[in-house]
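Notes follow once the structure below has been shown.
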């Protein structure tokens, strides 16, 4: 059986590893932290940074196929390694485009896909282009709301983000949607059902994912079509998370793409025929893609560390929640909880979406990650 | 988070470990083989036999709760350890009854549950009790058809099994059924849908599991009721596999009980709200039991090593099979394939049972575990 290397040992790498092991692959993880979430369930872990050329070379050489659980890796080294004939998916050249939000958006817009209006930020005069409110984004390195600044008016310029940035016209937001799309090495593309996403105001981390999204069949079809076209434009093999905005007029815009399994696709483990993790492994290993069909309505939410608690995690309220049928708990094996840290997630499935939503809200209210 | 110890590191331990890790538990496995299927995905493995008192003591002392992936363990040591206040589930006293097929059947029969007629084999005169054909079983240590002899007539006595045995009247078999039953520490009991089982004539290993079984609602209800009563009679916390015979007159008999996740319950990973593995972990950890409801019709079969091949496993025909929607492959991470060795299993789900069955038969015909 082949060995898959995963660069990055967080929760996405962990669930990828579990899917790969299920299918019979050996798995080696590269992560700087000992006993990383993915390292705990993999065959072995290389301790090293995903930006260290020697570590990257080591994992690529020790495995048959390499992939990532995060996009912030050194693509220069990976492009060299890929050019030497090593199998690295998605293609590190695609990753280097996606890493830079400006290049990513240019690539998507050039394919004729609707995005919020954007420009490169070259000097302060650019802040006047769209008028306020507007959104400033750092071109590289942002995640979970970090590297994104919503500027209500020009006074916000006093706290503008440093470094290379882009500006976007603020969308008059009605809702956010997510679509997972898988692309095989042969170019075959499948998309998953549309996820309706709500965000936590305090942390800006994804709050509830409701699937299927409560939208019209027309909007559902449009969102999936846009998401597939986006991944066709970017290229590369693997699974991709496509985040979209819908404005108050019902127009839909592609916001951002993640070249990996995505938080908004966790629900696929319980609620779809093929999970996003197995789909990713199938895609990067050159195997046929699986069915993305949904089997049960569901709601997923992130289990964040309760603010005010630091230390070994303890689940307060677990028994009450596990009494509720259809509640599935996923913990990531992180040794320490901290306020708003992603410690796990909960997926609630049911035969009826409203029932799953009601139950998810009960669990969310009662289950807390505190320290022992 | 608590640590669960699993005595035995085979495929059942592996899938138990994966369920336990998903729920946030740490897992330590005890198995004599380095890099065992379960050890590969657990936090650590103690190398040692499940009959070695020192190794058993070590795993019980290093963990908060201990359980097993096989019933052939030294219960004497475990009873002592349980009496000292260690949490070991199912109760090793229950295990010692189940280990001995005669005691097991006596316990079930005494509860008024229908079983094939049986007697202890004391001397050769006993072979005349039920007339031929009859079944001779060793009281302890049998599995996958080993330790079971179907005696067509008295000439078979020349090859009778050695050691302490029992005899059973041969059931005029129409079909075999299986029901997984979970019992919580508080005595709460839930049963899963009924599995229809067919066996491989060459290896006597479970061949196809078809769920739901193609039986009348009355027989389905009767099978689940019998299975639940059987586990009530035996006691203990965890998941149990109850195997049953249906004779040509439509009568149903309890054949045997396995005090652990069971081959006939693999299907629950894809096709039920709560898998048998998560259910077992919930039960032994004193957590509420999950819903056993089935979400999709399915067929499961064991992926046995192709006869004539020994060595590092290679999956011939994988691509063809993964093109079929609803095919889920589970490999156990065994380093070497051998003829008829359980190397993995395949679950095929669909919206319609007949479709799942058709697809499973295509996969079975095309997917072979050979050596590289």
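Glycine residues also receive a Cβ, built from the backbone N, Cα and C atoms like all the rest.
Per TrEMBL, these features apply:
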- B:101, B:137, B:168, B:169, B:170, B:171, B:176, B:255, B:256: ATP binding site (BINDING)
- B:105-285: domain 'ATP-grasp' (DOMAIN)
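On the structure: features taken from TrEMBL.
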residue	record	CB count, 10 Å
B:101	ATP binding site	25
B:168	ATP binding site	21
B:170	ATP binding site	19
B:176	ATP binding site	19
B:256	ATP binding site	19
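In three-state terms derived from DSSP, residue B:170 (ATP binding site) belongs to neither a helical nor a strand segment and is classed as coil. Under the DSSP three-state reduction, residue B:176 (ATP binding site) is assigned to strand.
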